[in-house]
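Q: One structure, as structure tokens, below. Some questions next.
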């Protein structure tokens, strides 16, 4: 019988079931199976019905290795339905396989092949007709339980760091049901066959059009519109895995509001794309641009990397913006290196005083004569690095071109729209594209693509970032040094980059999944030692690179910020958030553009909170410094008037002329004067911090009731520090980071390994992700958040937290318990609420640079975030009460109420000074009068408060001062007449005057 007799068209020789049993044409049967061959399981084809027959292969070498694709994320354990089908298949084939193998051991006999093929055909027809299971066989990164059960099949020489998704999944059939065949009763070879070989079904076509049978059947079974999470409008399930209940009752159900605000055409794929099914990879250049983009989409091998590229393209505002940014970054690097090299080796500074032209001080052939040895070697190294960057740019252009075609032809989004288009619309277009063409060439990707929704997309894009958020919030990293000034944990960008390289590069493999060795408790000591070695190696490399990095960044910061500080000296007091603050403020699954906008909006409130606290000691010192510097500048400027040509070049000290000192002292004077606080601010730090919390999402329980304390302000300033201090720390970090990597971080290696193992949660279709990013916590009062709708969960957060939710479902959530577990759980719940608000609130459907049109954001540049606009004219104009100009509503609450005896609306005239009558008007003074607003028909009165208010009963504890005596020059401020006359006044003036200011 010919082997091709049973081969179906479009199968491409992918059927490997029969070849694994009968295709071993050698006399010696090898009981070990090719593990990589197990990763290629085609989909069941429902539309082909009972015509599912499979071709056999002469040997395992006949399988095209190029067509075998690494499973990206279908890393789950089998569901119950798949287990039932697998067991039926094993039981159906067991007699035939046993007869064929235990008889004459003729594995290559034609009769045995025909019998088993006929039995396989009948059983497959029965399974297809009686089963509607279209799930994909689970291939990929195994869960930890499956790893322990299947360790017997792994080769001893297999690399421990090989990711789980690259290993073949050995399906277990032990003790799941009573009728399962016991593997222990069979030889190892039979167990291999029973556990690994299933009847292979006809492979799905590479592409399916929008009107394909499978798609129509799926649409009929799941009839109804879909929302942004890829779920139906009724009976919606939002988050979770395929085997877990998801959040229900969410306002994400609103389907049409996205297309109403930003109308986009749904992806319209080609009507006839059957030609693409047989197009190999080496001939995709013959396809049109749209067909090639569709071919790339169908051949996605790693959905994590693909979605990260899609998001980075959106974040970079399209093809031309990204390319321009990369080119300008290379130009910046070239400029810094060449300018610094030229100024250091090609200029003869000794000729500057006597020369009048640039050509007089330039050294000829400086690159060949002046630059030698060590410097020239590193210049050549720099040239080589620039060449690598240019080559990388070439490949980036090709990759970005493919992404541009994907956006343009498949998502119907142009580059011009990316700057104003919300990310939610991009997800919506991805879901439409998935609905039209969910099938791919890589069959194990089908289930992953069927899980495309807002939550899963965020988990894939931020798989690493979610772990980093939890890592930095857990405070398990030791970043201090046992030397003065460095005993506290200070995170800098340099140290953050090294941690990301050492930790994340060690925990995750090249495909973006956690390595097997990290998840196994038995390999904890091995991974801990390897991570320690990695830290120490990174520290050694940083020591070697430190001199060059310090030189480069000093020049870069000098060129970037010198002119800013020169033209705007007040900007030296500008503040920004530290790197550790950004990680503490960021929520799980919060994409970078959302976080960046939120943090940028918080700076106004953060400055207001810091500026509320007086800085009298600093002001006094700066006033003295500005006075001294200003005095010297004035003297030098005055002397310059008499002889401007000669005096400007007059040397006050060795090689330091008058111009030098005028420049230096003038800069110091300008900085000190602009740093002095001269404005008046309303002091209400509690209300300001609560408003600031709406943007930072950070308000520790320890701060409660102490918002007005100086120590709380200092603690906040550690997170919101001066920019000049942060820059100095970055430069210092270039020299300190090697020692932190060598001495401090290795002690945290064990806790880091435990952190990843304990905080990793397996999700079917996603793989291992940070458990807090799944928003699934069952240990809060024994309730499962997946079974709660958003309103119920929001109310629960409001009860547990110390703050209340506002109308936009924003929770002000702080922990009641100070344990690390409760703090982590509280942050997870908080992240869930804000995630729902970002994706379900139509007001947040804005681009990366736009503000939502809602209350709380300034409409104009002059508008303030707070209701505390301070104006002396407004606050103290006649008829106003200064007490009403507090930020909070509690200004006139308990403890702040104005005495009824003072502000009596019934008869206000009784409370004023009875000594002042109408005659005072003649004397040039005005009484406080009360005007009753009869038109309003209420008891509200408008008071006109003038100078006589000081003489009234508004201050009952003070002695009543005769107003006429105040006009007398012999009257002092204490109610006592000066006995000394004019001399007494002069003495009193010098006693209380502010001469030093």
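Heads up, the Cβ atoms here are built off N, Cα and C, so glycines get one too.
So Swiss-Prot lists these for the protein:
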- 79-88: compositional bias 'Acidic residues' (COMPBIAS)
- 144-159: compositional bias 'Acidic residues' (COMPBIAS)
- 539-559: intramembrane segment (INTRAMEM)
- 724-744: intramembrane segment (INTRAMEM)
- 794: phosphothreonine (MOD_RES)
- 804: phosphothreonine (MOD_RES)
- 29-88: region 'Disordered' (REGION)
- 127-159: region 'Disordered' (REGION)
- 214-234: region 'Disordered' (REGION)
- 1-318: topological domain 'Cytoplasmic' (TOPO_DOM)
- 340-376: topological domain 'Lumenal' (TOPO_DOM)
- 398-538: topological domain 'Cytoplasmic' (TOPO_DOM)
- 560-620: topological domain 'Cytoplasmic' (TOPO_DOM)
- 642-656: topological domain 'Lumenal' (TOPO_DOM)
- 678-723: topological domain 'Cytoplasmic' (TOPO_DOM)
- 745-997: topological domain 'Cytoplasmic' (TOPO_DOM)
- 319-339: transmembrane segment (TRANSMEM)
- 377-397: transmembrane segment (TRANSMEM)
- 621-641: transmembrane segment (TRANSMEM)
- 657-677: transmembrane segment (TRANSMEM)
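What does the local environment look like for each feature on the list?
A: Per-residue confidence over the topological domain 'Lumenal' (340-376) averages out at a pLDDT of 83.
Mapped onto DSSP classes, the topological domain 'Cytoplasmic' (678-723) shows 26 helix, 3 strand, 17 coil.
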Q: Same chain only, please: residues at least 6 beyond the ends of the transmembrane segment (377-397) with a C-beta under 8 Å from a C-beta of the stretch. Say none if there are none.
A: 322-323, 326-327, 330, 333-334, 337, 341, 371, 548
Q: What is the number of residues in the topological domain 'Lumenal' (340-376) that are helix, strand and coil, as DSSP sees it?
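A: The topological domain 'Lumenal' (340-376) comes out at 19 helix, 2 strand, 16 coil.
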Q: Using a Cβ cut-off of under 8 Å, list the residues of the same chain at least 6 residues beyond the topological domain 'Lumenal' (340-376) that approach it.
A: 551, 555
Q: By DSSP, what is the split of the topological domain 'Cytoplasmic' (560-620) into helix, strand and coil residues?
A: 46 helix, 3 strand, 12 coil
